[in-house]
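Per TrEMBL, transmembrane segment is recorded for 14-38, 50-76, 96-121, 142-166, 215-237, 261-289, 301-320.
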Amino acid sequence: MSSPLYDWFFHEPFHSIFLGCTTSLSLFSNGLLLYIIATTNSSNLGPYRYLLAVFAVCDIVTTMGHAGLQAVLFFINLSLLFTQRSIFLVFSSDSFDTIFCLIFIATYYQTFLILAYHFIYRYKTVTSSISRSFTDSWSRTRWIALGVVVYIIYVGGVVGGCAVALTPTEYTRANVPAEIMELYGVDLRDKRAGFTVAAVKNAASGEMEWHPLNLSGLICCVALFGATAIVIIFCIYKTSAAIRSTENNLSEKTRQMQKNLFHALLIQTAVPCFFSYLPLATILVFPAITGISLGAFGNVLFSTTAIFPSIDPFFVLFFIKRFREAVVRLF
């Protein structure tokens, strides 16, 4: 099988250079955001600055996952498999490849949950004077405890669903497309190689075979992701209406600050959607609609998901006036 024209994108040295650049930029931008949060008097932001710090840490964890795992997504002949470039992570004769894949999946999915926390906070802050809720009397400790419990359930559901339903079996290993070895030099039929697999094409019959267990794992991940998306969409609608509402007795200065924070949050959400979830959706949906496999180009799209953690903090630093002024003073 001949290599595609764009195979340089996911081969050495470009792949390592690309990840090195995105990792360095992410550590700088998120480190700068954490430093500005810690050293800038931003009492008007209240506890929201802690949520911004959590998001920065989340970005760093996601970046380190990309850099350490060097994730590769194979979509060959409609077979969808996910693994890492530096395979055969073996310690004491035991392979940890699949475990590291599951950890990366957790870091990949946690972003939208953290964003949902941001939107809930912004919604509660903006509507506090015009609506009443049973959560109005909740202490910060209760909110933090609820956030931790939801995070554990969410990440546990994603990792548990993938661990039960999408880890390799003898069948999926035997039906790994031969093109993967030709294009990437990765032998996933080796029992030391771990990966996650959504579906494979039967090598003998040439038919796609979806199994109930695989589908249940995918449904679990989509349902959890969809739940956070519903929360975010609801909060966007309500927060936008509350900021514009004449019933909301906000001073002009406070209203403008809330608008700026809301716009920053929308961009924080748009960046991972555009650079992370849209490429993944294209990889999954495009072949299903057209019947055309993206092949190795799917991995080019997936590689772009390493970009968003490196540029997200710059929008926060720009839209929050005190942070923007602090950066100007610092440099």
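Positions of Cβ are set from backbone N, Cα and C atoms, glycine also.
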Dominant neighbour of the transmembrane segment (261-289) in 96-121, 142-166, 301-320, by Cβ pairs under 8 Å: 301-320
Most Cβ pairs under 8 Å with the transmembrane segment (14-38), selected from 50-76, 96-121, 142-166, 215-237, 301-320: 50-76
For the transmembrane segment (96-121), sequence-distant contacts whose Cβ falls under 8 Å of one of its Cβ atoms, 6 or more beyond its ends: 47-48, 51, 54-55, 58-59, 61-62, 65-66, 68-69, 71, 82-84, 87-90, 147, 150-151, 154-155, 158-159, 162-163, 167-168, 192-196, 221, 224-225, 228-229, 231-232, 235-236, 239, 265, 268-269, 272, 276-277, 305
